[in-house]
């Protein structure tokens, strides 16, 4: 196997021998090319793991809203351009880097020791951010229970009965207002005419939200149990590393598409569905929005975070590929799948929101939201208006659960891969205890997010850990590989894996890696 070499002036001290040992990992198969670390059992395991990692909650609760807000169908123009100019080049680079070196996101920077420090810091940030992602998973578990009611207009009372049955006294500060009235079939809190029943359930029942970040409050025990359950599922799926997770993803990565298709077919048969779709990507599209810089910024941001580049997960997952795997075609397939999924999810979301607007006699613009409010307020309220609403609610929340779990699988695999590269002998003997230890650690880190002020911590972590730090990491990654290690040398390394390509083939990638992508990121 080829190994990345580094310029002599960047070497730190005595050179180390990075050649792989002949000692076989306990979980490596007989057919594995790399006996020390193991390889994916087959290409399907790898591709579905990558799709599960890239396709996440943002594809469902962020992209449709951004498309609607930024001109509808017109938004697909900057979105596609940013995919080609920034997303795909970075994705291909990280997949190639991990596969060539067969090392995780920290150890791979032995080629440039000066860069190992900042990538170690990035992994710490990544750990905190993904502990926030577990918050999303346990919210899905909790809201999935609360939303399975026959009529959403009675959601508050049913939720109170549910909590009372479990031995909770809901009168202790659960709601700040006690009088409600009906408006067009919706329970509206008198203290705020727009605070509908869905928001009451999400904010006051599920989260028991405090007044602010300075009021931490107590740990909400049922959320803590859901958080524990989510990490137990992750630990069970990863007890043998990629050998076990590679099988689990056949369900967790594929079944969300089945649910999306079911929701789309159901939504398309409803009255008002066409109005919702037109707001999303139809005649309501506004081509003049392309003149606004904010639209292009949103397109670049969505592509960047949707593909999960610069987090280290792509390098970690690709490091288990066989050396001559065609990482080029893999990168294109996963990126296209990710973006098509985002568009497809938008149809499923807006068809049902269009029906909700029709039934409530309101414009579509008044029922559309993004993020937590779309996933846990607007869309569940729309589902509650359908016949057999518990079925649709269950499918929707189960889909969100699977999308979140896939991202968590890659999180743990990234961290355990890093540990394996640093302490290979430990991981050979203690993979299961180490994996469970990482899950337990992240569970305790996530407990701050299940307090009554947890939602404020989630927003804080989301804003600061998933912001400029990752953009800077991506810029440094390009500088390190293309300008210090050498872009042409890196291309030669890729050709060792996928075979010789023409100059015309590499012209596009050279333009992006050397000029276009760094400029767009900066």
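Note that Cβ sites are derived from N, Cα and C of the backbone, with glycine treated the same way.
The local packing around residue 52 (Na(+) binding site), expressed as other Cβ atoms within 10 Å of its Cβ over all shown chains, amounts to 27. Per TrEMBL, the feature Na(+) binding site maps to 52, 54, 55, 59, 306, 338, 403, 406, 407.
The list of residues near the transmembrane segment (46-64) in space but at least 6 beyond its ends in sequence, with Cβ under 8 angstroms from a Cβ of it, reads 40, 133, 136, 242, 245-246, 249-250, 252-254, 256, 280, 302, 305-308, 313-314, 317-318, 320-321, 325, 330, 333-335, 337-338, 341-343, 345-346, 349-350, 370-372, 374-375, 399-400, 403-404, 406-407, 409-410, 413. Per TrEMBL, the feature transmembrane segment maps to 46-64 (among others).
Here the transmembrane segment (76-97) has long-range neighbours at 67, 108, 281, 290, 295-296, 299-300, 302-304, 306-307, 309-310, 314-315, 318, 327-328, 330-332, 334-335, 339, 343, 474, 477-478, 481, 490, 493-494, 497, 509, 512-513, 516-517, 520-521, meaning same-chain residues at least 6 beyond its ends whose C-beta is under 8 angstroms from one of its own. Residues or ranges marked as transmembrane segment in TrEMBL: 76-97 (among others).
Marked as transmembrane segment by TrEMBL: 109-129 (among others).
What TrEMBL records for 151-175 (among others) is transmembrane segment.
Positions annotated as transmembrane segment by TrEMBL: 219-239 (among others).
TrEMBL lists 248-265 (among others) with the feature transmembrane segment.
What TrEMBL records for 299-320 (among others) is transmembrane segment.
The transmembrane segment feature in TrEMBL is assigned to 332-358 (among others).
Per TrEMBL, the feature transmembrane segment maps to 391-412 (among others).
Under the heading transmembrane segment, TrEMBL lists 433-458 (among others).
Among the features that TrEMBL reports, transmembrane segment is placed at 464-484 (among others).
Packing against the transmembrane segment (504-521) from elsewhere in the chain are residues 82, 85-86, 89-90, 92-93, 300, 471, 474-475, 478-479, 481-482, 487, 491: each is 6 or more residues past its ends and has a CB under 8 Å from a CB in it. Annotation comment: TrEMBL describes 504-521 (among others) as transmembrane segment.
Here the transmembrane segment (248-265) has long-range neighbours at 44-45, 48-49, 51-52, 55, 237, 341, 344-345, 347-348, 351-352, 392, 395-396, 398-399, 402-403, 405-406, 409, meaning same-chain residues at least 6 beyond its ends whose C-beta is under 8 angstroms from one of its own.
Within the same chain, the residues at least 6 positions away from residue 55 (Na(+) binding site) whose Cβ sits under 8 Å from its Cβ are 253, 256, 337, 338, 341, 403, 406, listed in sequence order. The Cβ of residue 306 (Na(+) binding site) has 54, 56, 58, 59, 63, 87, 338, 339, 342 as same-chain neighbours under 8 Å, each 6 or more residues away in sequence. Same-chain residues with CB within 8 A of the center of the 52, 54, 55, 59, 306, 338, 403, 406, 407 CB atoms, the Na(+) site residues themselves not counted, are 51, 53, 56, 57, 58, 308, 341. The Cβ of residue 407 (Na(+) binding site) has 23 neighbouring Cβ atoms from other residues within 10 Å, across all protein chains displayed.
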